[in-house]
Amino acid sequence: MNKRKNRQCYNVEGTELSVQTVHTAEEYQCENADKEVFSDSFGRVNDEDRDGQPKGGLGGGEIEEAHPSKKQKAEKIEGPGIVTDKLFSSLQISKPTHAAISEIGFQNMTQIQARSIPHLLMGRNVMGVARTGSGKTLAFLIPVVELLYHIKFKPRNGAGAIIICPTRELAIQTHGVAKDLLKHHSQTLGMVTGGVSRRKEAERLAKGVNILVATPGRLLNHLLHTEWFNYRNLKFLIIDEVDRIVDPNFENEMKQILNLLPQERQTALFTATHSKEVEDFVKLSFNEPPVYIGVDDGRSKVTSEGLNQGYYLVPSRERFLVLYTILKNKTVLSKKVMVFFSSRNSVKYHAELLKCMCIDCCEIYGKQEQKKRSKTISDFSNAKKGVLLCTDVAARGLHIPAVDLIVQYDPPKEPNEYVHRVGRTARGEGVEGTALLFLLPEEKNFVNYLHEANVPVIQYNLNREVPKLQSQLEKLVRENDYLHQSAKEAYKSYIAAYNSHTMSEIFNIHHLNLQGVAASFGLRTPPKINLKLKSSAFKFKKKMCIVNGNDSSFPKPHRRRLGLC
Ligand SMILES: Nc1ncnc2c1ncn2[C@@H]1O[C@H](COP(=O)(O)OP(=O)(O)OP(=O)(O)O)[C@@H](O)[C@H]1O
């Protein structure tokens, strides 16, 4: 894009950004800026697939290795796609299940389905790893439904299968797929998640739920306290998104759950991303090593084929204005976009702010009322376009149809989290999507970690000037008490999240320009914040206090930049 166009686009200084006086959307919009093709409108520097390595390497064999250390060479299926030439009709499964699959509309199995269902039907324990959006849900649900059908499970037998999901939204979605699959079966289905009446769930469990979809905390609660919950006959345990379930937040609950459930059962674990923690969990969960199915092992990238991924290097003070520019892009206005933030306060604030700036959006975060959360996901799923601001509560497993663009405005906790976030787009065979990652220039090293994790992300250049709207942004925030308070809370949460980032060697709070960060929240001065700094600077400060007996020896620039003293 030429310079002249840029100047035309953003010559909007003096425009008031406020609820009442905000101008029409088009007044902030570049007249000519948005004529590029969608996939090229993010300033891709290099369009070529950077991995350049041979594609494929996706096994399609019937027989899998019993353990990663004993991998056998699996039969190859041509191409890097996820759908195989194997038909569901070739599976030895019951008529009611066949009928349900036909009604859902699927004929060919995906890789993970073709490779794991036969083992699961034979009663084997399975550890399945396959990229996001590759059909893992049916891969475990079909064997679950079949098993309970064949052993003629009745409501009075209680829970025959439990499926553990890390988030309520994922549980709701899995429950929905199970419902479709059970359409011609008599087995009962139920769900227990946080955020809804525990008593109603308990009544339902007492009546007999054969297939139970659950989040860990609420499941444990029922296992411990719901008298008539019969889980003694459990035959099958599935843990979906196991790499999230091994998170320390779930550790205690999961240990108790695994201790309470009958040990004589079939177990299957599924995930899109592998980690050392998952391997340790596998060792703990199985006496015998499970059949390991790594659909993408040997593949040169872990993300979907149809995904275009780029990162922008944006200084703190320009971050919001760049986001605003992207969301106001004419092409993007007609797309379905998810924007990830590191905290719920940031989601809430940016939702308010964007609405004030005439960008319609919805929001989802962990502590939101469950009804609102579910409605937001359902509305956004049914929408043709729109913007959803979210925390990582929406990063995993959610299948929201036809999401075009993922923006990671705040950095993910680690490369695996990146993979899950971008996995909300380009789901399924031949589906395309775009993912944009915002990084501060000093965070650029994170890209090396992504490359190491086989994520082919390339640098995009901002192909336009950042609009000169900072003073209007600050005025808008200053003059609206609610927004101002919300901006301060969001700022503090951003700093707190940054300070506790797991990759603190890259996301180092002492490298942050707090003035710039504050500016990105529309604040002229950084609010004071009281953090327990875990970094070397804090240790240094402490040491100096001991040596000198007071705080004053702590280098002044640090004191000022951190706004601590
Ligand atoms: N055999 C199939 N043929 C065509 N589409 C399928 C098939 N199996 C599943 N799908 C569809 O693919 C999409 C993704 O499936 P699913 O949500 O199970 O993916 P996933 O592997 O669990 O993803 P994630 O890792 O993000 O949780 C869904 O819309 C699902 O209906």
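Positions of Cβ are set from backbone N, Cα and C atoms, glycine also.
All annotation found in TrEMBL is predicted automatically rather than curated by experts.
Motif 'Q motif' is the annotation TrEMBL gives to one range among 86-114, 347-375, 521-549, and that range is 86-114.
Assigned with DSSP, the residues of the motif 'Q motif' (86-114) fall into helix, strand and coil as follows: 17 helix, 5 strand, 7 coil. Counting same-chain residues at least six beyond the ends of the domain 'DEAD-box RNA helicase Q' (86-114), those with a Cβ under 8 angstroms from any Cβ of the stretch are 58-60, 77, 121, 128, 130, 134-136, 138-139, 142, 145-146, 149-150, 180-185, 270, 293, 295, 429. Per-residue pLDDT, averaged along the domain 'Helicase ATP-binding' (117-292), amounts to 94 for this model.
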